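The feature transmembrane segment is assigned by TrEMBL to A:6-24, A:45-69, A:75-93, A:122-140, A:160-176, A:240-259, A:280-306, A:326-354, A:374-391, A:397-420, A:427-446, A:458-475 (among others).
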Amino acid sequence: MPEWAVILSICGLYLVLVLGLGVWSGRTVSASVDGYVAGDRTLGVIVLYFVLGASVFSSFAFLGAPGWAYSRGAAAFYIIAYGTVGMVPFYFLGPRARQVGEAFGFVTQAEMLAHRYDSRTLSVVLAALSVVAFVPYLTLQMKGAGLLLSTISDGVVPQWLGALAAYGVVLVYVFASGMMAIGWTNTVQGLFMMAVAWFLGLYLPETLHGGIQPMFEAIAASDKAAMLDVPGLAADGSPWSWAGYSSAVIVSAVGFSMWPHLFMRAFTAKSDRTLKLTVVLYPTFQLFLVPILLIGFAGVLAFPGVAPPDTIVPHLLTQIELSPVLVGLVCAGALAASMSSGDAILHAAASIGLRDGIKPLLAAPMTDTRQRQWIRGLVVATSATAYYFAVFSEVGIVALLLGAYGGVAQIFPLVFAAFYWPRATGAGALAGLLAGIGVNTLFLVAPHLRPFPLHEGVYGLAANIAVFLTVSLLTPPHDRDRLRAYTHSDRLAADETVAS
Amino acid sequence: MDDQADDIPQGLVVPGLGDESRRAALWAFLVVSVLSGLALVWPVYPLAVDLTPYVFGLPFSFAWTVGWLVVMFVALVLLYRTDAPDPAD
């Protein structure tokens, strides 16, 4: 059997395993929206840990992050830096969200905010923002999977087929089992990708340079030494500015816990304690970014000139002498990274699209069964859209995704104020969010207009907070009954009416 | 607090500050969080960007970033231990 056939067989086995696990896992939850979207609010620490970890570390972790280290050097430290404090707000906000979610039956972030701020418009705006962020995100995951399988098979499996195979599996298990499939597959995928990352991150520097320190010393002694000068290089190869690095860390840290597919996992936790413990343990997951970056650094001197830099990992795998079985396992690990984010995003996009985008616009209430049918329909439609962009379209997806990061950070003031600032009003929230997104988008498309070379999200946040504060104080506050659940969690009465 | 409609506070409301030891724990945690945030951006991080000394083979600037991740982990563990147990568990 030729090497690529061994590698592909292992990837194929992995896909079959994940498919089986995903479909099987759905049998324990109720056939309801709560079951499909929030896993009946029963998730424990281990599953939740991997769901939060794997949802965030996507194919970007296996392809993009080593690509950053490979081409931009110390700039890649930014990826570890923002995660250091990025998850901390979730320790406080997550349990509060979980409590009101349980009391009122919320399963998405926008549902909660729309209730707190008494605004359907807000829900629709948040749904639109989520979908605009999710489709390119999912597209990149599919592209990553396709790229990996085609590089590793020497082109025997074309990119369209690789993406189709991996995401066909994702589509089936998300369609069948919803949240439970994501929980259980992400646990297996997370373990797998962590093992692979640590193996490669320690093995490659050792075999190519004789160790980690010798590797960095060799880079520092070469003509590429400039890349180790913090904050590294910008995308065009010139030194990155401190203002650019610092503001990118801040915006990403603020937005980190606000990603709607991550935030809505608060509603899946079985208790506050579970959710808090998950956040506490989270940094142990993030440590796996260290070997991930080492993989990228290992390629700098050994294989110069790989373009685009995102392909450095598959390139390394085809160049080094490694048994095809190991290469197969590594590829499956990288596929796991892509699919474990892809499934979460797909599931969130469909759930949010229905609950926050379509349902508030309809006059008549929808039955639970009807809602699940709609969500499943949207799962198929979202996959098809992302697949179209991944395979047939040449639209600049990466730019759209970078813009979305600044956009997602704009949700932070709304969530924070929902629990800690009773005076915040719906008009203020909506005006602040729109101002933030507007300013962020303006400086994204016209970067030369920025007064200082800071990340556009910083300007967005400044505008957002200023408008949010001003409009809130100028409009009448919401009545106490609505606010009580948010500001006084201990007063959450069991007889609260369920939000429609 | 009584239930009058006009007593909605203008400022921030943070629950759990009534208990003194809880308040101290939250303050300490906040200080550590802000410190680690500052340590990773300008103007503090530029003071720590030397290549040497190497720590576990990593350049100092790299190890510094990872080190603050570990600090936050320890801070979260300590905060978690001061939290009252949840009756639901």
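Cβ coordinates come from backbone N, Cα and C, glycine included.
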| Cβ contacts under 8 Å made by the transmembrane segment (A:458-475) with residues that lie 6+ beyond its boundaries | 247, 250-251, 254, 406-407, 409-410, 412-414, 417, 421, 423-429, 431-433, 435-440, 443, 450
| message | Within this structure, do the transmembrane segment (A:75-93) and the transmembrane segment (A:45-69) have 3 or more Cβ pairs under 8 angstroms, counting pairs 6 or more apart in sequence? | response | yes
| said: Could you check whether the transmembrane segment (A:427-446) and the transmembrane segment (A:122-140) come into contact, where contact means at least 3 Cβ pairs under 8 Å with the two residues of each pair 6 or more apart in sequence? | reply: yes
| request: State the residues, same chain only, that lie 6 or more residues beyond the ends of the transmembrane segment (A:75-93) and have a CB under 8 A from a CB inside it; answer 'none' if no residue qualifies. | output: 52, 65, 68-69, 230-234, 240, 245, 248-250, 252-257, 263, 266, 276, 279-280, 282-283, 286, 289-290, 293, 296, 412, 415-416, 419
| request: Look over the recorded stretches A:6-24, A:160-176, A:326-354 and say which has the most C-beta pairs under 8 A to the transmembrane segment (A:122-140). | output: A:326-354
